[in-house]
Amino acid sequence: MATSLIRLHFHDCFVQNNNSARGFEVIDIIKYVVSCADILAVAARDSSIFVRSHTIGNARCTTFRRRIHDETNIHPGFAKLRQHRCPSSQLIGNSTLAPLDAATPYSFDNDYFKNLLQRKGLLHSDQVLFNGGLTDHIVKRYSENEVAFFEDFAAAMVKMGDIKPLTGSAGEIRIQEAVQRR
């Protein structure tokens, strides 16, 4: 759940994508007492002790299928390994999970960035960070300096937590069906 809450903090509060993360059921139960923004900030801050970014967690086959079957900026052996459990057919394997960081899937470290250097980013959106563009130097830096990644990640989480919440009709209130029945 910690990984989901961190992703929820980023995607929901910052990117404002309402279909990108799990963990809403925990928030819905608690938010009757305190605000959702407060819950997300505290939960993500506390959860970040254990996990961070795409260095840990999983993705569903539906989110990386096109990358492993159609893209060319991917390590062939890595693609073949993932294709075994995520076939090109969109009718099967959709819920199959794969680790975002295959090298150290349960550790917070900088191997995620080392994977990108080897063209082993599971998601298209990850691999574009190292694909001959403006962010290549950042990926190289983090792959060589884990402490720099840790420090920058912590600072970014604090900045996201300081984003002013949407209020009134500018925001969106989500209510889970199970909570509605109570």
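Here, residue 1 is simply the first one shown, and the rest follow in order.
In case you wondered, yes, glycine gets a Cβ from its N, Cα and C as well.
Residues annotated as domain 'Plant heme peroxidase family profile' in TrEMBL: 20-174.
Within the same chain, residues at least 6 positions away in sequence whose Cβ sits under 8 Å from that of His54 (heme b binding site) are Leu100, Asp101, Tyr112, Leu123, Asp126. Summarising the annotation, TrEMBL assigns heme b binding site to His54.
The number of other Cβ atoms within 10 Å of the Cβ belonging to Thr55 (Ca(2+) binding site), over all protein chains shown, comes to 25. Here TrEMBL flags Thr55, Asp101, Thr104, Asp109 as Ca(2+) binding site.
The annotation disulfide bond is assigned in TrEMBL to Cys61-Cys86. Around the Cβ of Cys61 (disulfide bond), 19 further Cβ atoms fall within 10 Å across all displayed protein chains.
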Q.
With an 8 Å cut-off on Cβ distance to the Thr55, Asp101, Thr104, Asp109 Cβ center, who else from the chain surrounds the Ca(2+) site?
A. Ile56, Ala103, Pro105, Ser107, Phe108, Asn110, Asp111, Tyr112
Q | Spatial separation of Cys61 (disulfide bond) from Thr104 (Ca(2+) binding site) - C-alpha basis, Å | A | 19
**Q.** Cys61 (disulfide bond) and Thr55 (Ca(2+) binding site), Cα-Cα, nearest whole angstrom
**A.** 18
